[in-house]
Amino acid sequence: MTIKQLHESDRPREKMIRLGARCLTDAELLAILIGSGNDRQTAIQLAQEILAKMDNSLPRLAKCDIQELTGSFRGMGPAKAVTVMAAMELSRRIPSQEMPRRESITDSRMAYRTISPFLTDLPQEEMWVLLLNQSGKIISMENLSRGGVSETSADVRLIMHKAVSHLASAIILAHNHPSGTVRPSEQDIQLTQRVQKAATLLGFRLNDHLIIGDDGAYFSFADEGLL
């Protein structure tokens, strides 16, 4: 059975137009993104299979990459996978835009709220820097690297260059641990110390270094008295 063979009231697109997005199940919303199923399943059935394999967890789905989706599910080609990943990325960015960019970052919680949408539910490790003016307001947020702190730790000069080129008075580092744990590694500690030393020499501050984990957990070097 195809979606077109379903009663109109049960078709996800028509149901969304009639009742609104909130009345649809996760599988129905995902089916709209997928668009079509395969020779054995409707789009809804394919969406249900995908969610079941993800333990019905949208954060788990958000951690997938295109290769995982296309390689694990019949009928999921690159175009469908890209559409799903694009929707996941848009939802990830919403919280960061709800906080005014000109609001001063005064504590670790505000810094976390600003940067976490870019570092949550990622399959790989990434390092970002928040560049702040004298009032603690964001000048820019920059992605420094993807792949791990071991690679990033060699890029202290890049961090300093970005701070100087943006005339920043302070910076906040942030990276994620895909494992979900927020305990700093020895590499994390060494990188923080190197950046703090370099920042002091150049006349600006390292206000914090955040490690982003799962379920809203984070570690703040500033809160723990490590700066």
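These residue numbers are counts, starting from 1, taken along the chain as shown.
Backbone N, Cα and C define each Cβ position, glycine as well.
In Swiss-Prot this protein carries:
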DOMAIN    104-227  domain 'MPN'
BINDING   H175, H177, D188  Zn(2+) binding site
MOTIF     175-188  motif 'JAMM motif'
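Beyond its flanks by at least six residues, the motif 'JAMM motif' (175-188) meets 63, 119-120, 122-128, 149-150, 152-153, 209-215, 217-219, 221 of its own chain at Cβ-Cβ distances under 8 Å. Cβ neighbours within 10 Å of H175 (Zn(2+) binding site), excluding its own Cβ and spanning all shown chains: 22. The DSSP secondary structure for H177 (Zn(2+) binding site) is coil. Around H177 (Zn(2+) binding site), the same-chain residues at least 6 positions away in sequence with a Cβ under 8 Å from its Cβ are E125, I211, I212, G213. The 10 Å shell around the Cβ of D188 (Zn(2+) binding site) contains 22 further Cβ atoms across the protein chains shown.
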